[in-house]
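TrEMBL annotations:
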ACT_SITE  HIS100  active site, tele-AMP-histidine intermediate
DOMAIN    6-111  domain 'HIT'
MOTIF     96-100  motif 'Histidine triad motif'
Amino acid sequence: MSAACLGCSIANSWQECQVVYEDDYVTCVLDIAPLNEGHTLILPKRHYAELVEMDPAVLEAVMEASVHVSKALSAVYKPDGISVIQNGGQFNDLGHYHMHVFPRYQGDGFGWKEPEQAANPEQPGLVKDKLQQVIQALLNP
């Protein structure tokens, strides 16, 4: 944990924020620039930049918190759906792992743009084989 890391400061309540849920591993706070009202960030209290760095207990806590927040958002806002998103690498603007959980509504303007042509559309079997090989190597070093 580092006081220089904004994510660590938020997750450990070293700065003022709107905490909606907290346990031993994570803190859930309202986003300061919400996509929709109720937009919540889930941050681990220990510093991790990426999803793949987290211990299993922290991963479990993040997912459990996402369920708690999703249920609360559904009860309070009655949305058309809930989005759960995390961005890694250069797309993580905080430098500290965080998951977004926010209510969604028809016409809310948030979207996912599908490419006009699928990447590597004729070789899904090759992609599957490559990924399976790497996953097996990771699971059985």
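Keep in mind that glycine also has a Cβ here, set from the backbone N, Cα and C atoms.
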Open item on the list: Counting by DSSP secondary structure, give me helix, strand and coil numbers for the motif 'Histidine triad motif' (96-100).
Closed with: 0 helix, 2 strand, 3 coil
Task: Packing count at the residue listed as 'active site, tele-AMP-histidine intermediate' (other Cβ atoms within 10 Å of its Cβ) - done: 18
Open item on the list: What does the DSSP secondary structure composition of the domain 'HIT' (6-111) look like, as residue counts for helix, strand and coil?
Closed with: 34 helix, 26 strand, 46 coil
Task: Overall pLDDT of the motif 'Histidine triad motif' (96-100), taken as the mean - done: 98
